[in-house]
Amino acid sequence: MADTSIFEVTRQTHEEVERYTQAAVDVLVSSSTSDITKDSIRKQHQISSLLDRIVSRNATLYNLYGDASGDMQQERLVLSNASAGPSNTNGASETDDMEEFYNRLNRIRDYHKKYPNAMPDAFTIDTENAEGAQDTDMESGIDNIDRMFSGEEMGGRFIDLYIQHDEFLNLKGVRRITYLQYLDSFDRLRGSSGRIPVEIKRSEAYRTYLQSLQTYLLNFLRKSRPLSDVDALELSILAGFEQDWSEGRVEDWENQGEDRTPAETQARSTDGIWCEACQRSFAKQTVFDAHLKGQKHIKATERMASGGNAKDKQGPSNEAQELEKRKRISKAKAIARDETMVIALGQELHSVRIETRANVERKAALTERERQAEAEALAAQPSTQGAGEDTQAEDDEDENEKIYNPLKLPLGWDGRPIPFWLYKLHGLGVEFKCEICSDYVYQGRKNFERHFSESRHAFGMRALGLPNTKHFYEITRIQDALALADKLKKQGKIVADEQGDAEEVEDEHGNTYSRKTYELLKRQGLI
């Protein structure tokens, strides 16, 4: 609306802050405290959006109260009639006081006559939309979460470092490791546990790999923890790095990369034949011998003999050397900074890395049919989520009730303990331990028999190098499984020998022999 009072704008801004705060509280109250799910991530992003709006409105209030343009002070003078002349005894002051009021009232009436269908308050519309975002944007929120995370990340539960693993393997001179090993060691970049040699760290490919890894970890933290102050975490890490760098306490970068260390020179000289005068390395002896007869080498040798520096053989100025030195230090500092960020972020995501490793191992043990079933279940999850929202409040009330279960019976499909007679019928009180499944305990004979065809037992058998066939049914100890495998291997040889003795062949005269006897007589030349 035209000519809106600055005091009214300030009041509306205060109202927006309160409405957004109440909307954020409502979303927090409705949020569950369970494990990370799509719904909880979605609500956290809604709260983060509301907090951003609150911060924006508070910044507007700060500027309004600062009154840099002087509009608020001017309007205060107008409303207080400070600009009018002195009041007289005939009541002229009261007329002047009400004149501004009626002028504004007439402008408001003229505006609504000109625009009869105009909404009374634009700020109210924005506030209502913000409060209803958790309901009206639910369907689009599901799509946003799906687009935000990859399939391997499972809505923020796991990290997806397959691209960074490929970039790591493409680095020259690094040892090839599996993806599981990479999940455990991608932040081991320094010290004795570091897997990357020093000479590789100075390459541009290594710096590109570090930046890719750092960018992914920061983005994953912002996506999976929208309510956490990731920017503050990043600034604190960088501040600690700057202090350590200035004091020379960054591991593997104590010299700040400003010169060639003796260890590096020795490592470089092992790659070929090193010329101290020319500061160059030669791969072959013949090339080095030809180099000794060159004019550059002779001049560099004379310069060293006269007390000059080998680095001055090309005659560069001190300014050029200083510039090259600053470039080298700047590059080393950027690499060390990225390493510090990756190490700190890897520690921050330690629990997620453990869960990711377990998930990768679990997927490796699944069959193709099980993978397809899991993918179909994940694809059907968004469509069934909307139907379950109607009964969410009732389910929450049932979960909040304290369940009386003194016998510690297993829970049924409704989340309540099963009847005791059913517990006895299925023999769930009998426990079966399987050493092949990492000493996992199964309750009941039915669950124990069924687990021999499940992925956990199949993965354990594969780890032992044994096939998961019917011969190993009911075998739970590793020693028994290995002994049975040896026995089956021996029996297979005996059966093969018996089949060889049972097979009969005839010679050219019609005489019948076993194959073993026939081949023996043929080798002796008797047939």
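Each residue, glycine too, has its Cβ placed from N, Cα and C.
For 249-262 (among others), the entry in TrEMBL reads compositional bias 'Basic and acidic residues'.
Residues or ranges marked as region 'Disordered' in TrEMBL: 249-269 (among others).
Residues annotated as region 'Disordered' in TrEMBL: 301-325 (among others).
Secondary structure by DSSP for the compositional bias 'Basic and acidic residues' (365-374): 7 helix, 0 strand, 3 coil. Per TrEMBL, the feature compositional bias 'Basic and acidic residues' maps to 365-374 (among others).
As annotated by TrEMBL, region 'Disordered' applies to 365-400 (among others).
Summarising the annotation, TrEMBL assigns compositional bias 'Acidic residues' to 391-400.
Annotation comment: TrEMBL describes 432-463 as domain 'Matrin-type'. Among residues of the same chain six or more beyond the domain 'Matrin-type' (432-463), those with a C-beta under 8 A of the stretch's C-beta atoms are 361-362, 364-367, 370, 410, 426, 472-478, 481.
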Secondary structure of the domain 'Matrin-type' (432-463) by DSSP, residue by residue, totals 18 helix, 7 strand, 7 coil
For the domain 'Matrin-type' (432-463), report the average pLDDT of the model, please. 89
